[in-house]
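Quick look at what Swiss-Prot lists:
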ACT_SITE  Cys378  active site, nucleophile
BINDING   Cys255, Ala256, Ala257, Pro258, Gly259, Gly260, Lys261, Asp278, Asp306, Asp325  S-adenosyl-L-methionine binding site
Amino acid sequence: MMAAETAAAGVASRLAAARILAAVFDQGRSLKAELTAALPGVSDPRDRALVEAICFAVLRRRPAYDVALRQWLERPLPPRDAELKALLMAGFAQLDVLQLPAHAALSATVEACRALGRPRQAGMVNAVLRRAQREGFPAVADDAGWPSWLRKQLRADWGDQAEAIFVESARMAPMWLRVPRARVSPAEYVARLAEQGITAHTDPVLADAVRLDTAVPVSQLPGFAQGDVSVQDGSAQQVADALALAPAARVLDACAAPGGKAAHLLERHPQLQLTALDVDARRLERVRQTVQRTAPDRTVRLHPADAADTAAWWDGQPFDAVLLDAPCSATGVVRRQPDVLLHRRADDIDALCALQARLLEACWRTLRPGGQLLYTTCSLLKRENQTQIEAFLQRTADAQAQPLGAQFGHAAGAGRQRFPGEQQCDGFFYALLLKAS
């Protein structure tokens, strides 16, 4: 790429990041959705990676950048300057988290200001970024980015452990991979990665897992398109360990999208009779694509349906096992979805708990006597996890809690809770229930 083209691409990357961030901050949009929509328009994989890295860095460091802007700007930027404010934060992230060469970060960000149609503000952007370069950024509390109601709830639920949650949730999560051991072992895949110059490790607990030292685009993963590897956090991979399944068991994945857990179960148990549901038909299409990539010779029954509305999808034949990966607050995956802290509201938890209870009741009806239901969330809130399960056990005479080992996390009522960063995995809750014969 010629120098002029490289410079133009650098400006376009900063501009794309600013527009994504403005949509997240000021329009309440999902970071994941905005990245999915914007990144295909960025041609170079390195520029796509830069856009993504800037966005994540800004969201993780937003409290410090907000303080810096209040201190360094003569007057606050008006709401109409949302993209300009986001661009300044994108510049901060390049100097702070990403540690890019200052001349490149400043030049491209100032030019992006002009590309925004704000040439008169280019001098201000340059001056603020140079001050950031000289002075660094204000120190803020580890919990500064968390809504006050959520800070209080986590401290009430977990005491001193909450402080570690705040710290770990601000860190970058490692990239975990899952391999189908029937085709390739984790050790063999680590060797394949090494041939590509990618350093990775197997895991002593997770039998199908590989963890990268540094994240890479999936396009760089050998055999990804052929189903030799998938991206899946270690906590999510343990779902397959928790369910003891007969070879041809009838299994329901009640909230299946995007399909990683369904695909993992099929890799482990090729003869499973798997039914996968999701209330969103577009997300269910992702399940189909995931299974088609990883297990093209397997048959899965897909239903775009609300699992709680059994009359709409269930044929009355009971399942041997049910996986209910319930909709939740996502408070255990803030390091992967930092915009959760912007968008989550206290009254969301009431609605989520009610939905989880309805799903538990409905899925339980579809389970045969002697069958198992695995309830999981990526939440850290007791109301969604151990309190939810304890209430279900109290009102459900034929439900019995089954023990899970310490490899699933800390004892939490009838289940197990992992906190973010433990075993380098995401925050996650597991509860295994047996339906009495």
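Positions of Cβ are set from backbone N, Cα and C atoms, glycine also.
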CB within-chain contacts under 8 A for Cys255 (S-adenosyl-L-methionine binding site), separation at least 6: Leu277, Asp278, Val279, Ala307, Leu324, Asp325, Ala326, Pro327, Leu359
Among the S-adenosyl-L-methionine-binding set Cys255, Ala256, Ala257, Pro258, Gly259, Gly260, Lys261, Asp278, Asp306, Asp325, as the record gives it, the longest Cα-Cα distance in Å: 19
Under 8 Å by Cβ from Lys261 (S-adenosyl-L-methionine binding site), same chain, sequence gap 6 or more: Ala236, Val239, Ala240, Asp253, Leu323, Asp325
Cα separation, Cys378 (active site, nucleophile) to Asp306 (S-adenosyl-L-methionine binding site) (Å, whole number): 20
Neighbour-count leader, CB within 10 A, recorded positions: Ala257, Cys378: Cys378
Rounded Cα-Cα span from Cys378 (active site, nucleophile) to Gly259 (S-adenosyl-L-methionine binding site), Å: 15
Surrounding CB atoms that lie within 10 Å of the CB of Asp306 (S-adenosyl-L-methionine binding site), all protein chains: 19
Collapsed DSSP category at Gly259 (S-adenosyl-L-methionine binding site): coil
Residue pair Ala257 (S-adenosyl-L-methionine binding site), Cys378 (active site, nucleophile) - Cα distance, angstrom, rounded: 14
Gly259 (S-adenosyl-L-methionine binding site) CB neighbourhood, other CB atoms within 10 A: 27
